[in-house]
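Down below is the structure, laid out as structure tokens.
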Amino acid sequence: MPDGHGCCNQSTYHNQVHSAHCRREGGGISHHSKRAVGLSAAPDLWALTRSGSLSEVVVALAGLRRNGGNVNARNGLGVTALHLAVWRNHVPIIRHLLGAGADPNIRDGESGWSSLHRALHFGHLAAAGVLIAVGASLMVEDSKGRTPLDLLSVPFRDSSLAAGTSSDSLVTEVYSWGSGLNYQLGTGTTGIQHVPARVDSLQGLRVSNVAAAKFHSAALTTSGALYSWGFGRGGRLGHSDFHIHSGQTAVITPEKVCAGLGSRRVVAIGTAKHHTIVATESGEVYTWGSNREGRLGYPSVDTQPTPRRVTALRVKVVAVAAANKHSVALTDSGEVFTWGCNRQGQLGYGTSNSASNCVPRCVEFHASGKGKQIVAVAAAAAKYHTVILSVEGDYVLVVVDVCTSIAA
């Protein structure tokens, strides 16, 4: 099934699976492979799963239970019905198969892939969340010694397009887990969530990006709407309908950020411990939250409760990043702007003498080779450093702490 690089062509896989459990007999198609075990008394669960007929799968599972069949039976390729459902990304069918006793950790007979291997390889994140919630292992290895996480290499957006799904019709789900002490999980709980839990209040929205920090989280939809939730003291959430200095301020489940943004579409987002930064479709940058060390990009305020434009940036920004005490913006021409705390040199100005800078300033790069220009394409920021991914001629550079470049 997988090629030499561990990838699997979906149409090829479809034909292999189909031919393994369908054979011609007198001009018809028999839905019972001679090599399959435990399903001979029931309708072909593989074919029904592949067709995506939930009602027929439910009927088949009921018949399987009556006849003592095995929901984990394999076809000629060693593929179970659950393997097929995950490959086809039929989440409702996946849930029913799991409820009927399907084992998510069974490996197929050819590549050794479990259902979770398939889900992560094809970018089926909702399916992966369902599998993990019932105990699918992240440590099970395939025939080449790879865990499911080793196959998580295809961007979510690319996988949806490869499957023939437009972003307008894409159905997304958001999951969170870990500590909910500050309501940052969005599920309404303050306890510890040990397995992924769906953020139900985002159901029906097409979410394109998410961001998380110590006290809050945020989600961005394909239409450019922004939602935030968590502990709001200090204004990090951007909502205008509560007092930001109250110790009890919290948004338990995701709420849309409206104040300050108007009808502007948000295309990029960054969250940090005490502030949030976004870029709009037109390239404007808005920040809010704590302005200590000048991390918001404008002077005169200690806290900003709602989105406010960084007017000093007169360029078109396409990507942003936020850290504890500084912020980063990338322009459409590949320039990097930073502002905020610079005590450890995290702004990249070549000196740490400037303790803070509230006005965005362009970072100067010194490319190796006369006449070469570095163009930044991605950014990340942490408490004391900044990382930029850039291109220079035929090389890709990763710039660490902005001042040191390492050839990749």
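Each Cβ is built from the backbone N, Cα and C atoms, and glycine gets one as well.
Residues annotated as repeat 'ANK' in TrEMBL: 77-109 (among others). Across the repeat 'ANK' (77-109), DSSP classifies residues as 17 helix, 0 strand, 16 coil.
A mean pLDDT of 88 is what the model gives for the repeat 'ANK' (111-143). Marked as repeat 'ANK' by TrEMBL: 111-143 (among others).
Residues or ranges marked as repeat 'RCC1' by TrEMBL: 172-223 (among others).
Summarising the annotation, TrEMBL assigns domain 'RCC1-like' to 173-394.
As annotated by TrEMBL, repeat 'RCC1' applies to 224-282 (among others).
The repeat 'RCC1' annotation in TrEMBL covers 283-333 (among others). Per-class residue totals from DSSP over the repeat 'RCC1' (283-333), listed helix then strand then coil: 3 helix, 25 strand, 23 coil.
Summarising the annotation, TrEMBL assigns repeat 'RCC1' to 334-392 (among others).
For the repeat 'RCC1' (172-223), residue counts in helix, strand and coil come to 3 helix, 24 strand, 25 coil, using DSSP. Residues in the repeat 'ANK' (111-143) partition by DSSP class (helix H, G, I; strand E, B; coil) as 16 helix, 0 strand, 17 coil. Across the repeat 'RCC1' (224-282), DSSP assigns 0 helix, 25 strand, 34 coil.
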